[in-house]
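These notes are about the structure you will find just below.
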Amino acid sequence: MEVVHSEYVPDPDRTHEEMAELQRDLVADAVFADDVDFAPADVALDDPPEDRTPEAGQQTLSAGPAEAYDPEGPPVVVGIDQAFVDDEEAVSAAVAIQDGAVVERAVGRRPLEIPYIPGLLAFREGGAIVDALQNLSVPGDLLVLDGSGRIHFRQAGIATHVGVVFDTPAIGVAKSLLCGEPRESLDQYFEAGERVAIEADDEVEAPTGDVIGYAFQSRQYPNPEKRHVNPLIVSPGHRVDEETAVDFVEALCAGYKLPEPTRLADRDVGRLK
DNA sequence: GCGACAG
DNA sequence: ATCTTGTCGC
């Protein structure tokens, strides 16, 4: 894939104030509304068989060699995840999926220049992600990032940042809430499929009360009282609205908490260490 | 100053 | 994110 807005490529070599300013600039080019030429149903994965037990295995997508990419085929969804090597290098893995099969895997690396700072994650891990996506030869139609998108102090989470840099539809999938106010307490158990809107509060640079994302329960155990799963925090990155972002994530989940593209990238980056 | 904070 | 074996529940 190729960078479209090079002026927004995250550069660790600048002050925190300049980073925040770059985020405000790129948000002006971010689109939190649908601008995608395909629907969640077009990339939906098969529902998991009911009889799946750990022993039977839940492998939904092949972990083996990539299948052939079809330029005329269904949309390509790219899952991306990061890991760190000795706290000195960020490694990013991108896995491209088309028609339920892996068509390509790419890796990106970048030295870790700055520490983790809430709100400035893209400047720590973004370089490796951009590197991985540039190493991806097939054009991704939808990017699924681990982290927030619009659910961010300046509405410029890592999913928004990367989505705008490549001007490609993107979604942020986080495991915990960075900011914003859930309409309903998340300190309770939800059933698979439930969604709780996250609204902007006074620490988000958006009209207070605006829905900026959702807590989405992708899966749940039979008896949450004994064993439960926490909801995913989904927010639009670029060119998708809040509801559509969740619809895509739901379509991409195949029996596990995380959407399949993310799981595969997770696994890739894990064995790369 | 206090509190809150993706990965 | 990362350090890490066994252990509980499905």
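Numbering starts at 1 and runs along the chain as it is shown here.
Even glycines carry a Cβ here, placed using N, Cα and C.
These features come from TrEMBL:
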type	residues	note
REGION	A:39-72	region 'Disordered'
BINDING	A:ASP81, A:ASP146	Mg(2+) binding site
SITE	A:TYR116	site 'Interaction with target DNA'
A:ASP81, A:ASP146 as binding-site residues, winner by CB count within 10 A: A:ASP81
Long-range Cβ environment of A:TYR116 (site 'Interaction with target DNA'), under 8 Å and at least 6 residues apart: A:ARG124
